Amino acid sequence: MKYARVRTHGGVSIISAFIDGMGGAFSIDVPMTVTVREGTCSEEKKISEDIRRYLSIATCFRFTVDSRIPSGYGLKSSSAYILALAKAMAVYSGIDISDMEIMTASADISKNSGLSMTGALDDLCQAMYGGYCLTDNRKMKILRRGRLPEMPVLVCADGDKRSSGKVSIEGHFTNAIRRVEDLAFKGRIFDAAVANGLIYGSIFGMDLRLIGSMLKAGALYSSQSGKGPAIFGIFADRRSAMNARSDIGFGIVTKINNQGIRYWKYDS
C-alpha cells in the first residue's frame, strides 16, 4: 500500500516570539513520526483537510502519529506535528515544494487553526533543519541557523499544559527580551535560552525546584522552555543527566539534535 512517512523532532525555546515577533529554538532528539495514506474525505480530520486545501492537493488522507514529544509543555510538539503532516502529504502527492514554502504553509495553518499565535517559524525551522534557528516570525524570515554541540539534555514536562494559541502578556518586557536576542545573535544560544525561560517563567510561573535539582546535579544550563511548563537542563555528560533524572524521579534524557527532517515514500 502506498504511503509517505516523515520524521522530525521537538525542541527548546531560545527566544519566545510572543513579545516582539523575534523567535528562536534549538532541536532535541525527541522524535515524532507521521505516516499518511489515502483516506476517505468523509472521515478526514480537519487539520489534514486544511493542509490539503492550502497545498491544492486533491487526495484525502488518513494519518497516524507516533510521538515522544510531550504535548502542551513548550517542547514544540505542535510545530513538529503540522510540519511533518504537511511534508508527508506533499511527499505522498509528489509536489515539488521548497522548505520555505512548506514552513510558510505550516505557519499559516497553525495560526488559522489556533495551534500557534505567531505561526512559530522558529519552531518549524528547528524541526525542518535541526540545530538552532533564529527567526523574524512577523516577516517570516530565517535570520540565522546552525549546528550545536550534541550535549546531553534532560527535559521534565510536569504541571498543567499551556496553549500557544492564545497568550496574553501584561507589562513591558521589550527591553528584557531584546537583551535575550542580543545574547542569541552573539552566539550565546544556551545563555539566551536560560534568560528567555526566566522572563517567561516570571510571567507564567515556573518550577524552580526542578531547575535547582538540575543545577545541583551538575547542569551547565537550566531553565524553562519558553512559556513552559517544561524545564530543561544541559549537561556536560550523560551520566550527570541520568543522575539528575534519578534525583527528580522523572524526565526524558536525550541530547541536542542536528538532524533535519527525514522522509520516505513507499509505493508497494
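Yeah, the Cβs are placed from backbone N, Cα and C, and that goes for glycine too.
Taken straight from Swiss-Prot:
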BINDING   P70, S71, G72, Y73, G74, L75, K76, S77, S78, S79, A80  ATP binding site
P70, G72, G74 as binding-site residues, winner by CB count within 10 A: G74
Close in space, distant in sequence - K76 (ATP binding site), Cβ under 8 Å, 6 or more apart: G10, G11, V12, A25, I69, A120, D123, Q126, A127
Which of S78, A80, all binding-site residues, has a Cβ with the fewest other Cβ atoms inside 10 Å: S78
Cβ within 8 Å of the mean position of the Cβ atoms of P70, S71, G72, Y73, G74, L75, K76, S77, S78, S79, A80: remaining residues of the chain near ATP: G10, I69
